[in-house]
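Taking it in order: structure first as structure tokens, then the write-up.
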Amino acid sequence: MPQNEYIERAQKLHGKRLDTEERARKKAAREGHKQSENAQNLRGLRAKLFAKERHAQKIQMRKAIKQHEERNVKGAPEEKDPSNPVPAYLLDRSNPTSAKALSSQIKSKRAEKAARFSVPIPKVKGISEEELFKVVKTGKKVHKKGWKRVVTKPTFVGPDFTRRPVKYERFIRPMGLRYKKANVTHPTLNVTVQLPILGVKKNPSNPLYTQLGVLSKGTIIEVNVSDLGMVTASGKIAWGRYAQITNNPENDGCLNAVLLV
């Protein structure tokens, strides 16, 4: 048993206190007073964080109440033989109950879609061009020609990449900063596997960084998951899946990512 589950272990060995339920009930009853006291007395950053948390809780509560109201409200009874017949394309509008059900279905689909495309790190600090690029001066008149740039962050370069002639190469990606594999963690299985990178899908800082294959924190990459044996809904073996980088590769010397499932 893990070390942090000593309470569960003690309860299994010796049982719970006789007044456990009573103490839990009293604690729940005091919760409202505690929140009221915090709302009145907290100051500064703690007050801001508390207000933000309460705001999110109230939004969820209002949504739940609205869903219950939509479920409980009964629509107008349907007429067996309406005096004014309605064409087929307007039948849904005449039935408020089905309209509410349809509205709830659309909302739930939107929520599922939002959850599907949610990422572990929604916000990251942007990277400026001064931080990413280092100016390289080349040519006979070195003091004039400073249009070349060396990328100072880790990058991914595909196997089919061919360098342009040195004279026309604007962006230089050093070999020592190129990554081909990432340590990808599966969120549900809690296993970490080293998988080859297939490409860079999106760098949140700049579209140019995506084109150059810059690997920074929060970047969405595509990895080869064929070794994991994952299958699609149709039963075919999944080849590539997206993952988000969770560390700073330039500081750690390795690439850690979480699989988006």
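Quick reminder: no glycine exception, Cβ is built from N, Cα and C everywhere.
In Swiss-Prot this protein carries:
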- 1-44: region 'Disordered' (REGION)
- 1-36: compositional bias 'Basic and acidic residues' (COMPBIAS)
- 15-22: motif 'Nuclear localization signal' (MOTIF)
- 64-97: region 'Disordered' (REGION)
- 66-82: compositional bias 'Basic and acidic residues' (COMPBIAS)
Long-range Cβ neighbours of the region 'Disordered' (1-44) (under 8 Å; 6 or more residues past either end): 50-51, 54
Composition by DSSP (helix, strand, coil) of residues within the motif 'Nuclear localization signal' (15-22): 3 helix, 0 strand, 5 coil
Predicted model, mean pLDDT over the motif 'Nuclear localization signal' (15-22): 94
Residue counts (helix, strand, coil, in that order) that DSSP gives for the region 'Disordered' (1-44): 35 helix, 0 strand, 9 coil
